[in-house]
Structure formats: structure tokens, C-alpha cells
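Let me begin by presenting the structure, written as C-alpha cells, before commenting on it.
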Amino acid sequence: MTIAIGKSEQKRGLFDVADDWLRRDRFVFVGWSGLLLLPCAYFALGGWLTGTTFVTSWYTHGLASSYLEGCNFLTAAVSTPPNCMGHSLLLLWGPEAQSDFTRWCQLGGLWTFVALHGSFGLIGFMLRQFEIARAVKIRPYNAIAFSGPIAVFVSVFLIYPLGQAGWFFAPSFGVAAIFRFILFFQGFHNWTLNPFHMMGVAGILGAALLCAIHGATVENTLFEDGDGANTFRAFNPTQAEETYSMVTANRFWSQIFGVAFSNKRWLHFFMLFVPVTGLWMSALGVVGLALNLRAYDFVSQEIRAAEDPEFETFYTKNNLLNEGIRAWMAAQDQPHERLVFPEEVLPRGNAL
């Protein structure tokens, strides 16, 4: 006689069922992060496509900004709310739009909709990288690297306008609109002479250089022991051996520069560190601009240029350009302020 003794199956809660379904191995992983990422990305992209296709910026900026009005991909945009709206979230059911969708679009409600859903969508994408890295048991450096673009997006589209008078001063979501915002940053904040911008440029361009050098070096030192017709068929994806020779690469760059990375860990960490640090420095600089912190000022050159008509430097010439940007842009962008600049404040020659 055989007696089978077993434990009764524990009752599974709703959380366990949801966890199993969300983290199931499927073609497109959903995960808990997907609950944030997927709806937010859908709404942000949908709001942007809706705005650039149908919605005018006549009521907020006095501009045409949609395909319906004759714009193209480079000139269409979802524009920021008008200056009078301040930092209102412009909820569809709020006191401004009062659940009127047309009025909500006219007031710039799509911009806050896209900005907020876009921010949470980017955060959801970073959490997705954390979640999948944990599931497949690898380090989470991809997610850490993606914090750089998130920091830049949040600082430019949310923190900067929060430090200014309203969402009006944030960039609109469009190609030409972003270019105009860059000119605005230069004219009103002298952004190119800001040390944080300099660090950001060094990080991004330095990363591009590192990426090009690294890719070329790996291609140059591939082992030719495969039978395939090209690089992509020559190796088994699960091979145990190295694909390229680090020793040969080290010898090459030692001869070129006199120094070279001695191991792959330091090399690849450096390639991670340079662009991410550049992005974070840029984000910190924009946070400073939100508080109206100034860039470098070389006052001695300004005073001498004002006193001596024959003295000029590239710095003083750029200052005149910035003054011109401010004089033209302020009156154009803020007609409601009725800004009238007297002749003596407009740029003339090299007199500051």
C-alpha cells in the first residue's frame, strides 16, 4: 500500500497572476515597466501626430504650425501654451478648456499633454531596461546610460520653463521650433559660452569620435577564421572564442599615440562615461539657466570695446549678435507685452 503525501497548492493572488502575465516570455516583452511606458509613449506620440497634422498655433504664437495649414515635416510643431497660461497643466477638464477639446487644442493643451506623457514614457523606457536586465541577469548600465537623455529632456522641456514665467518659454515640439529655441537660448543666455554647454559638446562629439575609432579598430582586428562570405556569417553567435584581437588593437594604438586601453572593461566604461557625463553636464547647465545663472562674462573686454571704437574681439562681436537676437525675438515672441525698444538699446557697430 502506497500513501502519497503532498502539500496543497497555495492559492495564488491577483498580483501573482498579473506578474506571471506581464513578465511572460513573448516576442515583445511587456513587464511592469510596460504599464508606464506603453500608454505614455502611445499618448505622447499620438498627441504629437495629432497636433502637427491638425492643430494651429495661431492663438498661442500667431503662427501656422500644422500640415493642414501648409507646413511640412520640418516646420510643423506642437506649440507651447501662451504666456498668459503660466504653468497651468491645462487639463482638458480644467477651468481653461472646460472639457472643450477644440478650445483645449487652441490653448496649447496638447503641448503639456505631450511633454508630461513623453517624460513618463522615457522614464518607463529606462525602467524597462532595468527590468529586462534583472530578468536576464546582466548589469543595468544600459538604463544608467539612458538617464542622460532623460535628464536633458526633463531639464529643457520641464525644469527650464518652470524656472521662467511659464510653459511658453519651453521649446515647441518640432524641428524648426527647436532651432528657434536654440537661437533663443543663445540670445538670452549666451548658451555657447556656458561651461556646462562646453562640457556637453565635448561629451557628445568625444563620444562620436570614440565610437568611430572603436568600430574601426574592431573591424580592423577581426579574426579571419570563419568560412562565411562576410563578417555577419563568419561567426557563430554563441562562439566561446573572441571575435577580435584586443592585443593587436592595443599594439596598434600604442604605436599611434604612445598610450592605449589595456583592457576591454576600462575601454567600454570610458565609452559609456564620456557621452553620459556630457549629457548630464548639459542638463545641469539648463537647470542653471532656469534660475537665470549667467555664462562667462568678460567685462573688461566689453568696457574697452565701448570706449574704443577700434577694439573688438570675437566675444564682443558675439555679444552684439546676442543683443540683436533679444531685440528682435522679444518683440516677435511676446507681442502682448507691447515691447518697444528705444534706438539707444539696439545694436550699433561695436558700441556696447
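Each Cβ is built from the backbone N, Cα and C atoms, and glycine gets one as well.
Looking up the ranges 102-122, 207-227 in Swiss-Prot, the one annotated as transmembrane segment turns out to be 207-227. Here the transmembrane segment (124-140) has Cβ contacts under 8 Å with residues 23, 29, 31-34, 36-38, 40-41, 146-147, 150 of the same chain, all six or more residues outside its ends.
Considering other CB atoms within 10 Å as the measure, the emptiest surroundings among the binding-site residues H117, H268 are those of H268. The binding-site residues near H268 (Fe cation binding site), taking a 10 angstroms Cα-Cα threshold over the set H117, Q129, N142, H197, H214, are H214. Sequence-distant contacts of H197 (chlorophyll a PD2 binding site), defined by Cβ-Cβ distance under 8 angstroms and a gap of at least six in the same chain, are W191, S282, G285, A295.
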